[in-house]
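Q: For reference, TrEMBL lists these features for the protein:
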TRANSMEM  85-108  transmembrane segment
TRANSMEM  120-140  transmembrane segment
TRANSMEM  146-170  transmembrane segment
TRANSMEM  200-222  transmembrane segment
TRANSMEM  305-322  transmembrane segment
TRANSMEM  329-356  transmembrane segment
TRANSMEM  368-389  transmembrane segment
TRANSMEM  423-441  transmembrane segment
TRANSMEM  453-476  transmembrane segment
Amino acid sequence: FLGAGKPPLYGDYEAQRHWQEVTYNLPIRQWYFNTSDNNLMYWGLDYPPLTAYHSFVCAYVAKLINPDWIALHTSRGYESQPHKLFMRTTVFVADLLVYIPAVVLYCFSLKETSTKKKASALCILLYPGLILIDHGHFQYPLSLGFALWGVICLSHDWDLLGSAAFCLALNYKQMELYHSLPFFCYLLGKCFKKGLKGKGLVLLTKIAGTVVASFAVCWLPFCTDVEQIMQVLRRLFPIDRGLFEACMFSSPPPRLANIWCSLSVLIKIKNVISPQTQLKLSFAVTFLSLLPTCIKLTVQPSLRGFKFALVSCALSFFLFSFQVHEKSILLVSVPVCLIINEIPFMATWFLLVSTFSMLPLLLKDGLLLPYAVTMLAFLLVCGASFSIFEKTSAEDLQLKPFSLSLKGYVSWFKSFPKVVRSLFLLSVTLMGVLSLLSSALHPPQRLPDLFPLAVSLISCLHFLLFLVYFNIVILWDSKNSKSQKKIS
């Protein structure tokens, strides 16, 4: 694990263990407050209540096995093989209970052949990014799992259950805000289509009640006074720390594949713009980048449009929003997994780039071999399952409506498949070479951040192009209008 045996913080593994220590030994009213028993500078809780409750449940089991694992103060930095086995098991159990069943159910509810359903499930479960972060870097897949259950429920018109499931996701990790606008716009659009003077108003009222009730249940122990609520919110959204607070590497240049970190190579944003202005700027750019998709989804709500909007909006948040972490790309990748059966070539390409973008983090975790093996396995399985190189025409990539709108330029699209395949091969080759250089060579002394910086810049360029692509697919999608009839 990253930070293993390295005081004073030890790493993300220790963060999860410490939260178990805190939630088990301290009363709820102290979980988010700085006290003599809870030093917030030492992995203080900064996720919503559901994460804290999950830590408490894990701590209760840990206490039964070995009380030393969560002993107050004395357990800091605790590392042993039995404890590592226990912690890995808790992640695997979370996978088995929430994430994996959601993936399997989603894939087998698709209107595809049995073979394609199995192929989709296999490819999604083999996605390297989630495997490496959950089981290598160490985190739990519950927020993504709950969000996926929300998608499944909405696809079966179980709108209230879907709303509740997404509320659980949001109350497990605040980064699920990346997916909040597509959920909101899709459900609001559905209410508009049913008519806000009749069934639509009833549905909207029920959804609002479900959301309020879900949040109330999750936050009930913290609603004893206003200061409790405000302190939790301050921990969840530490906006005073600036635009780059969530980057793993604080020293310049930041090594994150979003637009702000990439621009900081040329312009030292931290020195030029005040934290408050950084917040306003990132909010404005993020909002403007996702506005067209949200308007389209509200006006023409469809399940297909909803899934593509999850990708586009999450990618906008990752590229332009405030305090992004390398691992946040998973919030884009999981929705991309949901459309791998529709655009297997582009989905496979994106999922490879998303894992590559986390290379500096993975190398620090000592995950080079698992990274190489899982990336190769994923590429081979996707290539064999979907024959991705045979699906590069404008129609296969959902670009036919866009190509027709270009009129005189349509002839250019005849060579489009060959161009796209060539770009893909160039991209994969570049990722392979950079991965090899990053792991095998020491950078020049004058440029110690050369390789991580190259990884972040190349990944950012890919993500910007993917954002343009997904927005084109959404805005020129003619299938949405057909599926509206089913909703109304």
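Any Cβ shown, glycine's included, is placed from N, Cα and C.
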Q: Are the transmembrane segment (146-170) and the transmembrane segment (85-108) close enough to be called in contact, which here means at least 3 C-beta pairs under 8 A that are separated by 6 or more residues?
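A: Counting Cβ pairs under 8 Å, at least 3, so yes.
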Q: For the transmembrane segment (453-476), give me same-chain residues lying six or more residues beyond its boundaries with a C-beta closer than 8 angstroms to one of its C-beta atoms, as numbers and ranges.
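A: Residues 253-259, 261-262, 265, 289, 292-293, 296-297, 305, 308-309, 311-312, 315-316, 318-319, 343, 346, 350, 353, 356-357, 359-360, 397-399, 401-402, 405, 427, 430-431, 434, 438.
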Q: Please indicate, using numbers and ranges, the residues of the same chain that are 6 or more beyond the transmembrane segment (423-441) and have a C-beta under 8 Å from a C-beta there.
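A: Counting only partners 6 or more residues beyond its ends, the transmembrane segment (423-441) has Cβ contacts under 8 Å with 345, 349, 352-353, 356, 359-360, 363, 368, 371-372, 379, 451-452, 454-455, 458, 462.
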Q: Please tell me whether the transmembrane segment (368-389) and the transmembrane segment (305-322) touch - that is, whether there are at least 3 C-beta pairs under 8 Å between them, with each pair 6 or more apart in sequence.
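A: Answer no, regions not in contact.
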